[in-house]
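Feature list (source: TrEMBL):
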DOMAIN    27-343  domain 'Tryptophan synthase beta chain-like PALP'
MOD_RES   Lys66  N6-(pyridoxal phosphate)lysine
BINDING   Asn92, Gly192, Asn193, Ala194, Gly195, Asn196, Thr342  pyridoxal 5'-phosphate binding site
Amino acid sequence: MSNANRYTGLVDRYRDRLPVSKTTRAISLNEGNTPLIKLDNIPRLIGKNVEIYVKYEGLNPTGSFKDRGMTMAVTKAVEEGSKAIICASTGNTSAAAAAYAARAGIKAFVLIPEGKIAMGKMAQSMMYGAVTLQIHGNFDDGMRLVKEVADQAPVTIVNSINPFRLQGQKTIAYEIVDALGRAPDYHCLPVGNAGNITAHWMGYTEALTENFSFEKDQVVYDAEADAFTGQTPIGRPIMVGYQASGAAPFLRGGPVENPETVATAIRIGNPQSFNHAKAVVRDSNGWFDELTDAEILEAQRMLSMYEGVFVEPASAASIGGAIRDIKAGKIAEGSVIVCTVTGNGLKDPDTAIKQCEDAVMLSIDAELNQVRDSILSNM
Ligand code: F0G
């Protein structure tokens, strides 16, 4: 039987829209092609007439959107002859780097803030065989060290300052436009290092270009001009970025010294794509806003309990922020809204279990009466 229709990942799917040749060997785990789930219950619960979709990036092979960028970064690193990659991470980039390095048969070095990454992510980089360097510092320290050490050791940086990362991540917008047949009115997402919001914008700007040619039509941020190059802005969403209050450099107007939040994935005080992301929000007439840890956790629980979509805390910032802005009328009724939910809830079981103290969990004998009574008293 032919398997010509088998999905084989982003590089193959969007080869003509990415900086690869026809013969570039893709290092892939069949990432991308994630579900765009329409929320049924939450719009009703908040009593607003809106169409909300979540792009469930937690269903990527390592459980986060990072796989989109990592397939490109590692594909190019291998094409260019690199034997080792390195990144600083709050846990998801390191998981993805480790997995794609394993797939490629090269080495991965990952710097993570000791004690500040979720357990599942830790398990991933260990299982995939990365060299895990736990630093006594935060993500921003790790990022600085990675940039410095790259001059002194033969390693390719695969953080989002590697331009191939954003090229891979922009494909999320292609998939959304494909699925909806148009761009949404609003796109809401969590912001940490600020690469992803930048990549979304590049993707939306390119998505609706017919006869797209990478050489001619690719969109990039020109730092000197503080502008995105590219074509006419048609059919793009208003971009809304949400941060955790304790790690909100975009709300404070610059770097934050000691970022702190339960959403460890976005515990970042000095985003590498700060200016890019500011330009995205400016050009799309969007905004940044912040959520407290309590608001983030409430949104995480709500999405799980009312829609069956379990995401990690950072990811829930998008839906929590969107709901608040819909209720306030800042996002108008009648709008089509997409929220990127960036990582799988299973990554961080500790935080999930801690906030479920009121969940119904009974300890009973293995005995019919007790099982029956437990059911009948909890119907
Ligand atoms: N959501 C999750 C689950 C993340 O892991 C990250 C970033 C973000 C959102 C924010 O995306 O940085 O592009 O603005 N995680 C990085 C990491 C920093 O190391 O895994 P961003």
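Positions of Cβ are set from backbone N, Cα and C atoms, glycine also.
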Quiz item: Do you know offhand how many angstrom separate Ala194 (pyridoxal 5'-phosphate binding site) and Lys66 (N6-(pyridoxal phosphate)lysine) by C-alpha?
Solution: 13
Quiz item: Considering all pairs of residues in Asn92, Gly192, Asn193, Ala194, Gly195, Asn196, Thr342, annotated in the record as contacting pyridoxal 5'-phosphate, what is the maximal C-alpha distance expressed in whole angstrom?
Solution: 14
Exercise. Could you pull the average pLDDT for the domain 'Tryptophan synthase beta chain-like PALP' (27-343)?
Key: 96
Exercise. Go through Asn92, Asn193, our binding-site residues, and report the one whose Cβ sees the most other Cβ atoms within 10 Å.
Key: Asn92
Quiz item: Cα of Gly195 (pyridoxal 5'-phosphate binding site) to Cα of Lys66 (N6-(pyridoxal phosphate)lysine): how many Å, rounded?
Solution: 10
Self-check item: Between Lys66 (N6-(pyridoxal phosphate)lysine) and Asn193 (pyridoxal 5'-phosphate binding site): CA-CA distance (Å)
Solution: 12
Exercise. Taking the Cβ of Thr342 (pyridoxal 5'-phosphate binding site) as the reference point, list residues of the same chain whose Cβ is under 8 angstroms away and which are at least six residues distant in sequence.
Key: Glu57, Gly58, Ser64, Phe65, Asn92, Leu189, Pro190, Asn196, Ala265, Val311, Glu312, Ala314, Ser315, Ser318
